[in-house]
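Asks: Got these off Swiss-Prot a minute ago, pasting:
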type	residues	note
ACT_SITE	318	active site, charge relay system
ACT_SITE	322	active site, charge relay system
ACT_SITE	586	active site, charge relay system
BINDING	627, 628, 647, 649	Ca(2+) binding site
DOMAIN	241-669	domain 'Peptidase S53'
CARBOHYD	334	N-linked glycosylation site
CARBOHYD	387	N-linked glycosylation site
CARBOHYD	488	N-linked glycosylation site
CARBOHYD	508	N-linked glycosylation site
CARBOHYD	551	N-linked glycosylation site
SIGNAL	1-20	signal peptide
């Protein structure tokens with residue numbers, strides 16, 4: 001039976017049976033509108049709104065079990081990963097779900113002829129008037145204008161669905177963008193800006209002639225499974241300046257001459273952030289001359305490009321840091337640079353995830369996410385917006401590193417849960433997803449106290465609270481916190497929690513940077529982590545007074561983060577032709593990802609699969625990491641928040657990588 005005939009059949013049955021349209025409703029989603037959208041006016045009730053209803057996926061109650069079956073070291077199916085097609089089929093909305101939602105639409109006066117189902121079967125599309133949409137969703141639509149792009153969008157702050165279909169609806173969005181009044185920018189006014197969720201970065205300039213120790217050349221390659229430190233002598237001054245040598249010494253990261261052809265590591269950057277080729281060569285010339293001229297593989301998503309129009313630390317520092325260290329630590333493995341977003345609309349994680357999974361494309365939300373195709377006209381020498389949409393057009397690398405952190409309260413819980421499920425799906429396919437935890441302890445990116453607590457789907461003002469970061473709070477990613485070599489210490493000393501005060505060049509402004517960590521207000525503690533978080537809370541209560549402004553719903557029951565840590569202090573980085581010291585967990589994430597990439601390489605050479613989602617293995621075997629038991633992160637009042645301790649803690653997680661111990665463990669697994 002065709003979809004259209006099926007819809008008419010439902011409509012006729014409902015009409016003939018005289019079902020009443022007087023239904024009970026419940027708020028399905030309430031959202032906090034981002035600050036960059038400003039309300040302009042009520043929408044014209046006769047304006048047409050394209051609505052997308054994403055149908056609830058099936059088997060969600062089993063999703064975590066599916067992931068654990070391939071990532072729990074005790075599972076007989078460990079590392080028996082699924083194909084992308086198998087994942088899509090397992091979670092595709094069922095036919096009964098579609099019928100339930102269609103019955104609601106029909107009872108609400110929406111004729112079947114006006115409803116179209118997507119090819120994947122996961123969405124229902126309709127084009128109805130604003131007045132009809134408001135009646136259907138028990139809401140009010142307003143026109144909002146984006147403060148940076150001048151685009152306008154129809155947005156409702158909350159919407160409801162009939163109670164009997166609530167569990168069958170994932171989310172509902174309108175994709176209508178009203179482009180009248182779109183401002184043409186001049187080349188002198190491109191309005192470059194940082195991607196959402198990213199501060200400009202933290203660095204101190206370092207004169208080349210102050211470089212504290214000479215370049216150390218590579219040693220010869222050794223066997224596949226054993227590590228060789230770069231030089232016979234250990235690097236010095238790593239408490240003052242981190243280099244690739246320091247990281248190899250700290251974490252026993254190997255040096256190789258070859259890598260498995262199927263191995264891969266991806267680094268994600270969002271426009272306007274991009275590396276400079278001259279910076280890569282400057283870095284390699286100092287630390288690894290044989291790599292001069294090497295470049296990462298480039299993959300453009302939704303118009304992504306390597307931005308060189310506005311060279312500055314804000315736009316080049318992050319990408320230079322990520323790619324310089326990932327390439328140096330994993331050479332000769334090929335690194336992929338995923339560049340997301342065109343010059344006008346930028347890009348974010350949802351755009352990236354949609355490029356990997358065509359069933360996720362409807363989840364790209366115009367309130368939070370850039371929408372492609374981008375209709376912005378060309379303004380020579382600047383190009384027009386990207387005139388297509390990369391929906392399921394790319395493949396994931398085996399490890400993906402992302403040095404971006406958002407505040408969990410920036411998005412609706414429904415948005416975050418839907419995105420989190422995509423990370424679970426990547427884990428099912430054997431992909432390791434690594435996120436930086438953030439650099440501001442339990443405060444916001446601006447060092448402020450949080451004032452929003454999310455309870456289920458409701459958002460309400462609350463007393464000052466700790467601010468967890470997302471996606472680190474998603475239980476299906478590996479969150480990386482920060483550490484540093486203790487003052488006047490060496491690479492042989494145990495590291496301490498990352499805690500650095502950065503002072504501006506004029507000495508007037510200082511900022512405290514500490515490893516972000518804490519507990520989610522949206523996601524419950526996962527089973528693989530439950531013992532670790534319970535033990536930490538017991539130690540915390542026995543040794544310290546609980547933080548005074550810990551007014552969060554997730555404390556003791558929410559997903560704890562970070563999971564692991566790596567050095568985050570004073571990375572020697574070539575940026576805009578200068579050598580600078582860069583700080584933050586932005587550095588920690590690609591370092592940990594590089595360790596995982598080398599473990600994958602060894603497993604692939606033995607005919608095994610990559611390690612995929614590593615958290616269950618690491619929490620079951622914390623002894624393979626270097627425990628960090630000193631230091632703390634800080635809150636918005638510049639007071640200690642959580643303390644590092646033996647075992648897992650919400651500052652440094654389970655600790656820093658020890659490649660040799662981790663490798664031995666993962667090679668023992670099937």
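The chain as shown is numbered from 1 upward.
Quick reminder: no glycine exception, Cβ is built from N, Cα and C everywhere.
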Asks: Within the same chain, and leaving aside 627, 628, 647, 649, name every residue whose CB is within 8 angstroms of the centroid of the CB atoms belonging to the recorded Ca(2+) site, in sequence order.
Replies: 629, 644, 645, 646, 648, 652, 653, 654, 655
Asks: By Cβ count within 10 Å, point out the most packed of the recorded positions listed: 334, 387, 586.
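Replies: Max Cβ neighbours within 10 Å, all protein chains included: 586.
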Asks: Can you name the residues of this chain that are 6 or more positions from residue 649 (Ca(2+) binding site) yet have a C-beta less than 8 Å from its C-beta?
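Replies: Correct list: 517, 536, 628, 642, 643.
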Asks: Going by Cα-Cα distance, which of the recorded positions (322, 334, 387) sits nearest to residue 627 (Ca(2+) binding site)?
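Replies: Nearest in space to residue 627 (Ca(2+) binding site), counting only the recorded positions, is 322.
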Asks: So if I draw a 10 Å sphere around the Cβ of residue 628 (Ca(2+) binding site), how many other Cβ atoms end up inside it?
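Replies: The answer is 28.
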Asks: Test of understanding: give the count of other CB atoms lying within 10 angstroms of the CB of residue 488 (N-linked glycosylation site).
Replies: 8
Asks: Looking at the recorded positions 318, 322, 586, 647, whose Cα is closest in space to that of residue 334 (N-linked glycosylation site)?
Replies: 322
Asks: Taking 10 A as the limit, how many CB atoms besides its own sit near the CB of residue 627 (Ca(2+) binding site)?
Replies: 19
Asks: For residue 322 (active site, charge relay system), what residues in its own chain, 6 or more apart in sequence, show a Cβ-Cβ distance under 8 Å?
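Replies: Set apart from residue 322 (active site, charge relay system) by at least 6 residues yet with Cβ under 8 Å, we have 267, 269, 275, 401, 403, 586, 589, 590.
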Asks: Validating a neighbour-count step here. Other CB atoms within 10 A of the CB of residue 318 (active site, charge relay system): how many?
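Replies: A 10 Å sphere around the Cβ of residue 318 (active site, charge relay system) contains 30 other Cβ atoms.
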Asks: The domain 'Peptidase S53' (241-669): mean pLDDT?
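Replies: Value for the domain 'Peptidase S53' (241-669), mean pLDDT as a whole number: 92.
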Asks: Name the secondary structure element type, per DSSP in three states, that contains residue 488 (N-linked glycosylation site).
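Replies: DSSP call for residue 488 (N-linked glycosylation site): coil, neither helix nor strand.
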Asks: Going by C-alpha positions, which of the recorded positions (318, 488, 647) is nearest residue 387 (N-linked glycosylation site)?
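Replies: Result for residue 387 (N-linked glycosylation site): the nearest of the recorded positions is 318.
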